[in-house]
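Novice: The structure follows.
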């Protein structure tokens with residue numbers, strides 16, 4: 001845990017240069033626009049500790065799997081987010097002396113991520129070994145207006161000398177993934193060209209054959225005027241650049257503008273890549289940095305209007321939640337159904353793959369509420385497109401008849417992960433994908449989605465569950481053996497309550513969905529029955545038999561659902577009684593010790609009580625919460641948000657706030673000492689959920705929006721915007737009152753503390769804060 | 001499964017050259033002498049498929065662990081048997097054309113492993129591309145008389161030409177382990193020298209710093225006379241050799257004698273290595289090939305006298321059992337307490353490490369009965385020496401107070417393996433090490449071993465078990481959570497009956513051992529109490545509490561012990577009902593499917609009933625055997641022998657014989673399609689057990705040797721030799737009678753079918769074959 005980031009409502013601020021924090025800051029100050037992104041590396045050379053990272057969405061490499069001991073069924077390849085060409089590079093030499101902050105004395109260093117306008121600015125004064133001093137301000141962004149381009153304004157001013165500044169503006173494509181399994185490079189050069197002050201390079205991924213053309217053009221201004229340049233091309237393997245020199249004088253500002261574009265063969269015909277890249281770069285250069293930045297700020301302003309959360313009375317909380325929302329918006333825009341939300345977004349390469357169950361369990365609610373329905377819908381369609389691969393994946397594990405097992409980690413639908421206890425056994429992910437369909441329809445009312453895409457996926461998932469259980473003669477019930485629940489601190493357990501419960505929920509939802517599609521879209525129903533070879537008599541009958549005869553582990557005496565069959569045999573020592581020197585357990589204890597302990601990594605039974613909350617009464621929730629919460633170590637970033645929401649529901653405002661605090665500044669404060677690898681993007685959606693579903697108690701039931709808000713901690717007020725079925729609402733919770741502003745042209749009735757409240761189009765309605773019902 | 005080896009009583013014979021089988025034959029025809037060994041590679045060049053392998057006992061390399069996903073507690077390094085310098089190389093060029101069986105037409109190829117005399121002979125006629133024909137006979141062995149030396153007689157005769165034969169006799173130390181985790185080479189050169197017809201090279205292992213000097217000297221004979229040679233040295237990196245040329249004529253035999261030695265810094269001071277190697281090579285050359293071979297045959301004759309099993313009426317069974325005994329004797333001689341029995345011996349490099357629980361569970365009984373007690377004792381002392389490392393190993397997993405967990409795989413006491421479900425959870429290995437102490441003392445009567453070495457080890461093991469169980473409030477008993485039993489097809493299970501049963505057996509045996517040492521060696525007892533900081537009041541009290549309150553899973557209705565808590569929830573489909581195309585499961589099914597199936601890889605509950613047989617009555621054994629045997633797939637080579645012994649005990653002679661057949665020719669017939677990686681050395685001891693403990697029903701009870709023999713299958717008779725407490729007995733079981741010959745100078749009384757039979761010194765006593773008691 002570190003706390004070097006300055007608190008500010010709209011900006012992330014680092015003051016003073018601490019090389020030791022550089023990799024952490026490179027993560028925190030990352031930029032992205034959903035199409036491409038990058039870590040906050042320096043433009044000029046830096047020989048200190050750094051993790052260079054540039055990423056292009058959808059471009060991956062199937063790195064050969066590395067295992068200690070091969071198990072049948074492991075995937076051969078692990079699709080990795082690719083570290084791509086670095087387009088920000090601006091090498092600077094002052095009278096032959098290179099500017100490198102690792103070798104210079106750095107003062108007045110300040111790094112600012114301006115979240116309101118969507119850019120990164122870094123300024124510093126560097127004193128070189130020779131004693132020469134320069135003042136630098138570098139500003140850059142990845143455009144969300146034209147998501148294939150980016151721009152840099154790099155200003156450098158000699159403070160105590162005059163001389164010659166050599167500038168090399170380059171693109172370096174000789175990049176290696178830090179986490180390459182066999183230390184291989186994944187890119188090869190296709191073509192490269194340099195023309196005066198612009199340069200283009202096209203690189204191709206080995207095996208997958210993705211091509212990415214990266215181009216740049218630069219110019220230099222002094223005294224507000226362009227400088228005529230003598231440009232010398234520099235070409236090396238997978239590297240293109242241009243070198244030029246300008247005279248610089250004391251206090252004379254030299255400004256380098258660099259415009260770049262990244263075009264991928266996913267979006268352009270291969271033969272047009274270079275040409276289209278030239279057009280994109282030229283367009284950006286013609287528009288110019290200042291105009292691009294103005295457009296950027298305007299576009300971000302619109303995004304904030306949709307998704308901002310405003311907290312009064314707690315600046316650190318305000319900064320935390322905005323940072324989370326900013327990074328989520330930088331990672332995924334929902335415009336491209338081929339893309340998904342990687343756990344590190346564009347901020348690092350750890351974990352590989354792009355899609356985890358995080359998307360369905362944590363991110364969908366955020367995008368449902370803060371973006372057009374199309375955004376969440378695209379996330380669902382992403383899985384629909386990968387249904388064939390999910391069926392292949394299940395077949396590899398011995399399942400048949402169109403049973404589908406979605407992968408734990410994927411880029412293209414194929415499983416990437418290779419730990420047997422996760423790859424083969426953490427199958428609850430399948431349920432999250434079905435639940436997301438339910439959740440999407442519940443929220444949007446778009447029940448036509450079922451016929452169009454949803455039912456195909458549900459049938460595949462239901463078939464999997466029906467085959468995955470087996471009849472226990474001993475119990476006279478169906479059991480589910482050998483699974484790993486969301487609590488990855490128990491592996492290969494029997495009858496994980498969450499997995500078994502979600503499995504039968506899936507079966508029931510699929511039966512219901514079949515009925516609904518049959519009734520509302522008979523033709524489509526017939527087509528689905530046919531192309532899935534569905535046995536409409538026997539399959540639902542078997543499913544119903546499983547639903548009716550499923551075994552769920554419970555402890556009757558305690559009145560709780562059990563993690564798994566053997567849970568109560570474990571030594572029950574509460575988390576508060578663990579010697580703090582033993583935490584986090586995953587860094588201190590050997591794996592077997594963790595596995596046989598009662599400690600829970602992340603919400604498991606409670607995750608089920610969250611998803612299926614309407615099935616369970618408050619007493620049941622309270623008993624389970626009171627039992628499991630003291631045993632949960634929250635060593636997954638995805639855990640505290642669910643606990644926050646449930647604590648809020650139980651009226652435990654204090655604990656709800658405590659859980660919230662664990663997530664909202666996780667990366668800003670480097671809570672788990674791992675921010676340097678990249679940000680925890682998907683858990684950021686959980687932070688948003690803590691506020692909206694936790695503190696504001698937002699739910700959708702029977703097509704109606706409901707709230708049971710309260711004000712946590714020292715907050716004076718909090719406000720957020722919600723899209724709901726054509727309405728845009730602003731909800732503000734203050735000390736004494738709840739304001740709902742209907743910014744749309746349709747009236748709406750919402751439930752506040754269980755009481756109906758009409759909010760006419762355009763109106764703001766205020767009601768009393770506090771639980772009006774109980 | 002292949003069956004290309006010709007059946008013969010004393011020889012392993014391959015006729016005809018099938019390149020596709022070459023790697024299999026390289027394993028089968030391997031040579032070794034306990035100190036060094038090698039695969040049956042060709043002396044001359046071979047560009048076809050081959051796995052070159054030369055190994056020097058005790059010389060290992062700590063290869064950096066490779067994992068897909070790191071788990072806390074994994075060892076950093078994996079100690080590997082090192083593939084060492086190849087000393088057999090004799091390059092041959094005929095008028096400039098290289099002899100290479102991959103490029104020549106090969107006829108009359110015959111490879112013979114002469115087990116009686118302990119050498120390998122290969123003969124063939126090769127027709128080169130030029131049409132030139134040569135006849136070759138190559139004979140070689142690793143000396144068991146001087147276990148640092150080896151010798152080759154390589155005879156080559158032109159059949160249809162005269163010309164020049166260029167001979168390069170070399171040592172190639174530029175060797176890589178095929179299974180190197182990161183494709184590194186593990187050796188570096190220390191020194192090299194070539195003098196006329198001899199050459200020496202000293203190589204050093206990286207990190208571990210073992211030095212091995214390998215030397216050779218050669219000479220050439222024609223017409224029975226030495227040829228005066230013009231020798232040219234050849235030196236490259238990690239390679240030394242000598243090239244010479246001789247004139248050869250049609251039908252004129254040229255014989256190359258090559259003498260080599262491998263000296264390790266484990267056995268010689270580093271500064272004397274080269275000198276001692278020169279002495280060893282010179283001594284061998286002076287003695288000459290023929291004399292060395294005569295001595296070799298004589299030495300093997302002694303070994304056979306001790307350990308041979310003679311089977312009449314079934315030549316394939318005879319060949320199989322001899323092959324197993326031969327390879328066991330080639331692998332381990334028991335002369336060096338630092339060595340142990342690697343699962344592949346000197347025949348391949350797969351698995352790495354040298355020591356598994358195989359040694360204690362399967363090999364000890366073989367060496368107890370067929371060698372001086374010192375041999376088995378040295379295997380026990382090996383573990384005693386590694387007690388400190390076992391305590392460290394347990395500490396890494398969170399155990400304290402001198403608790404010891406012996407590694408699953410090791411070379412030097414440190415754990416090498418890194419699959420969490422095995423490394424951390426297959427802890428039953430600890431019990432096998434305690435049981436081996438019990439077994440050794442039971443067999444030899446050497447109860448003084450307890451005070452000298454045994455008790456220290458037992459205390460460490462008992463402390464581990466007492467900490468590894470935990471009190472279950474739910475059961476009001478001790479439970480053992482998260483283990484993997486011998487049946488590795490169930491991982492991370494709770495309350496594996498075998499592990500729990502052996503754990504409390506260990507506690508009880510340690511309590512008894514403490515008492516015994518206290519009574520018989522009070523000083524030593526006091527010393528042990530002190531250096532182990534043993535709390536003689538509280539520790540045994542806690543152990544007794546565990547013994548008295550341990551939970552063991554049983555099925556009352558079936559009257560069987562349960563594999564583990566959840567076993568009866570599994571779908572119970574018998575092995576005979578599995579589609580044969582699905583076998584072996586470990587090649588056809590994904591790991592999760594195997595784990596949740598009821599199929600047992602190797603004897604587990606039955607292993608316990610074998611070890612602790614006197615605790616259980618025949619009905620209990622029969623119920624468990626009848627339940628588990630039909631669920632066991634025997635996909636471990638260690639499984640069928642235990643089933644054979646128990647089937648024999650139950651009087652099921654037919655099945656006992658069937659199980660025997662599965663093990664005895666496992667490698668000769670390449671039963672599991674994996675012989676090319678090396679032989680299954682440790683399971684060969686199991687084959688011996690099937691005969692002696694199975695068919696002959698040999699047991700030791702109360703210091704008395706007992707037999708309940710029967711004649712399996714079509715066997716006319718079988719006979720074996722047993723050492724027992726100073727006696728050497730030959731037991732022969734014929735159709736109608738059992739003969740016991742006492743070759744020692746001490747009388748003995750044995751039990752045959754429960755009846756006492758006196759066998760005076762020097763006498764042979766015959767009794768009726770058949771169960772005299774029941």
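Cβ coordinates come from backbone N, Cα and C, glycine included.
Note: TrEMBL annotation is automatic and uncurated.
Computed from a predicted structure; not experimentally measured.
Grabbed the feature section from TrEMBL, which reads as follows:
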DOMAIN    A:13-265  domain 'Glycoside hydrolase family 65 N-terminal'
DOMAIN    A:322-689  domain 'Glycoside hydrolase family 65 central catalytic'
BINDING   A:357, A:358, A:601, A:602  substrate binding site
ACT_SITE  A:488  active site, proton donor
DOMAIN    A:698-759  domain 'Glycoside hydrolase family 65 C-terminal'
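Each of the listed features needs to be described in terms of its position in the shown structure.
Specialist: Counted within 10 Å of its Cβ, the other Cβ atoms near residue A:602 (substrate binding site) come to 23, all protein chains included.
In three-state terms derived from DSSP, residue A:488 (active site, proton donor) belongs to neither a helical nor a strand segment and is classed as coil. Same-chain residues at least 6 positions away in sequence with a Cβ under 8 Å from that of residue A:488 (active site, proton donor) are, in sequence order, A:421, A:422, A:426, A:601, A:602, A:636.
Each residue in the domain 'Glycoside hydrolase family 65 C-terminal' (A:698-759) has a pLDDT score, and their mean in this model is 96.
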Novice: Can you give the largest Cα to Cα distance in Å, as a whole number, for the residues A:357, A:358, A:601, A:602 that bind substrate in the record?
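Specialist: With A:357, A:358, A:601, A:602 as the binding residues for substrate, the largest Cα distance is 16 Å.
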Novice: Under DSSP, is residue A:357 (substrate binding site) helix, strand or coil?
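Specialist: Its secondary structure by DSSP: coil.
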Novice: Counting by DSSP secondary structure, give me helix, strand and coil numbers for the domain 'Glycoside hydrolase family 65 C-terminal' (A:698-759).
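Specialist: Secondary-structure breakdown of the domain 'Glycoside hydrolase family 65 C-terminal' (A:698-759): 0 helix, 39 strand, 23 coil.
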Novice: Residue A:601 (substrate binding site) has how many other Cβ neighbours within 10 Å of its own Cβ?
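Specialist: Result for residue A:601 (substrate binding site): 22 other Cβ atoms within 10 Å.
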Novice: Under 8 Å Cβ to Cβ from residue A:358 (substrate binding site), same chain, six or more residues apart: give me those in sequence order, or none if nothing qualifies.
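Specialist: Sequence-distant Cβ neighbours: A:341, A:343, A:638, A:682, A:683, A:685.
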